[in-house]
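If you check TrEMBL, you get these features:
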- 9-26: compositional bias 'Pro residues' (COMPBIAS)
- 27-44: compositional bias 'Low complexity' (COMPBIAS)
- 559-651: domain 'DYW' (DOMAIN)
- 1-44: region 'Disordered' (REGION)
- 136-170: repeat 'PPR' (REPEAT)
- 241-271: repeat 'PPR' (REPEAT)
- 344-378: repeat 'PPR' (REPEAT)
Amino acid sequence: MWAFHTPQPTQPPSLFNPPRSPPKPPSSSLTLNPSTDTSTPNNNQLIQSLCKKGNLKQALKLLSHEPNPSQRTYELLILSCAHQNSLSLAQSLHSHISENGFDEDPFLVTKLINMYADLDSLDDARKLFDKTRKRTIFVWNALFRALTLAGFGEEVLGLYRKMIKVGVPSDRFTYTYVLKACVASECLVSLLKKGKEIHAHILRHGFETHVHVMTTLVDMYARFGCVAQASFVFKNMPVRNVVSWSAMIACYAKNEKPFEALELFREMIIETRDSVPNSVTMVSVLQACAALSALEQGKLIHAYVLRRGLDSVLPLISALITMYARCGELELGQRIFDRMKKRDVVSWNSLISSYGIHGYGKKAMQIFQEMIREGVSPSPITFVSVLGACSHAGLVEEGKGLFDAMRKVHGIIPSVEHYACMVDLLGRANRLEEAARIISEMRIEPGAKVWGSLLGSCRIHCNIELAERASHRLFQLEPLNAGNYVLLADIYAEAEKWDDVKRVRKLLETRSLQKVAGRSWIEVKRKMYSFVSVDEFNPQIEKIQSLLIKLSAEMKEKGYKPQTKVVLYDLEENEKERILLGHSEKLAVAFGLINTNKGETIRITKNLRLCEDCHSFTKFISKFTNKEILVRDANRFHHFQNGVCSCEDYW
C-alpha cells in the first residue's frame, strides 16, 4: 500500500574492490567515494545517465571498464534490471557487485532483494538474505515485503519472530508488512491470533499514532471479517487519512454491512472537508449502494464521479455497472459499458454477472462469447460469473460445456468456487446425484462452499439423504455456521420430521449458535430503511401490520395460500400465518406501499434467500396493487409485475 523508501547512508560504504591495476601510493583521495577520485578513469556518471535513459545493456558494458563503481551507480543498475524485467542481467550484476565487495552493503542488499522480488525470483532474494551478515531493519523489511507480496505470510511471521529474538527493533514498515502477511496466506484463521499479537506489540511500542500502521491493522481485521475489532481500531485512531476512511468503509461494504458503509461515508464527507474521497473510496461506496439497491444514492455517487473526472478509472466504472444492475437498472449498466472507450476483463465480468443475477443466462453467454471475440482472455472470476448465470437460468448443458472449456480451451484449472457453481447448477435443476458425483470426483478438497451448494439444492428439492451427508461434512468444516443447521432443519420440517427438527435445534442451542436474522432494506426518497422479522421499533409498524393483515385477507379471496411449511415450528396454522406476516421482506413491501407514489417502483434487498411464501405473497401484491416490485435476495433478482416473477419460480 505504501512505497518503501530506504534513506541514503550519510557516509560512503567501505570498499573491498579486488585490485585491477597496480596499487597506488597512499593519498587522502583514497578515503573518498571512488566516484570522486579524479586520478582514475571515471565512467560512473555516464553509466548512471545510460540507466536513466533505459540503455541497460550499454550501461553494463561500460561497467566492466569502470574500476571503481559507486554505490549510486549500482543502485541505478539494480533499478534498471527490475524495470526491464531481466533476471539474467540482474544475476550478472549481482555477481559483479559481489566481486567488488558491495554484497555486504546493507543499502545495496536491500535494493537487490527488492529487485529479485520484482522479478519474481524469491529463491535468489532468500539466498542473498541468508548469506548477508549485517541485517539492518531495511534488509529484514525488504525480505518481508518480497515474501508477503508472493503470498508466503506464514514464512514472514516465522522470520519476524527470529528478528525479534535477535533484538532488531521494528519500524512502521515492519508492522505494515507483517500485518499484511497475516492475510497473505488466504486469510488462514490460525493467523488471526498472530495478527492480534502484532496488534499488542504495536501498542506496547507506541506505534498507535502511525496512521499507516493502524490503517493496515484495520484492513487486517477486515479481511478476517472481524468488523467489531476493525471498527474499534478505526474509532481510536488519533489521526486518520483518506486511506484510513476508505479501509473502514471497505470493511463494512465487504462484510455485509452496507448500511454502515454509507453512514460512515457520510461521516467522512462531514469530518474531512480538506480530504477528498478517492476512487478506491468510491468503489466501496458503490458496492454498498449495490448491496442495498440504493438507486438514488448510487446516482448521486455517479454524479460525484463525473464531477471529479473519475469516469476513466476502470475499477470505478465496473463498480458503476454492477451498482446499476443490482439496483434493477440493467439498461443503465449496459449503457455505461457501451460508452467505455477501454474495457478490461473486470468490466466484462461485471456485465456478465449483471445479466446473470437478473436471470438472463443466454444473454450472459452471448456477452461471454463477445468478450472472447474481442480478444479479452477470461479470468477465473469470469467463469464464476457465467456459470452462475447458467445456474440462475437453468442452462445445465451450456454450463457443463463452459466448465469443460475452462481447462481444455482456456487453460484455467477449476477452483473450489467453480465446482461450487457446477454443484449449484446441477442441484437447482434437480440433478442431485450428478452433483454428488462431481463432488466425489474432485481432485481438490471440496470445502464448505461446495458442500454448502449441495445442501442448498437439497433444501429446494427436499432430498434428506444427500442433505444429511452434506450437513455432516459442513458441521465438521464450519461448526459455528448456524445457517447450515437451519437449512437441515428446514428440510426436516418440510418432510414433517419434527423430532429431527428438534434435534437440530438442540444442536444450535448447545453450541450457542443463532441463525442469521432475516433483514430487508428499502430506499424511499433517498433514505435507507431497514427491517428485521417482527420489527417492533419502526414508527409505522402498526400501520404496516394493519395493511399486511388487510391485504392477506383480501388476497386469500383471490387465491393466495400462505406457504406455512416454511415455518420450522410445529404450531397451529393460524399461528404460522401470523409468523409469516412478520417476515422482513413483507414489512418492507408494506412500508413501500405506504410511502411511495403511484407508479413508483418498490426496490427491496433481502440478506437471505427469499422464502416460498414471501415469493408467492409478493407476486399477488404486484397484481393486487398494480405495483412493480423489485426484490434482490441472496441468490438473484426477482422482478414482480402483474402477478408474475421474472425468475419463473426458479430460484
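FYI, residue positions are counted from 1 along the chain as it appears here.
In case you wondered, yes, glycine gets a Cβ from its N, Cα and C as well.
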Worksheet, complete the sentence: Tertiary contacts of the repeat 'PPR' (241-271), defined by C-beta under 8 angstroms and 6+ residue spacing from its ends, are 1, 211-212, 214-215, 218-219, 221-222, 225, 227, 230-231, 234, 277-278, 280-281, 284-285, 287-292, 294, 297, 521, 528, 530, 607
Item to complete: Please spell out the DSSP helix, strand and coil residue counts for the domain 'DYW' (559-651).
Response: 36 helix, 16 strand, 41 coil
Item to complete: Tell me the residue counts in helix, strand and coil for the repeat 'PPR' (241-271), as DSSP assigns them.
Response: 27 helix, 0 strand, 4 coil
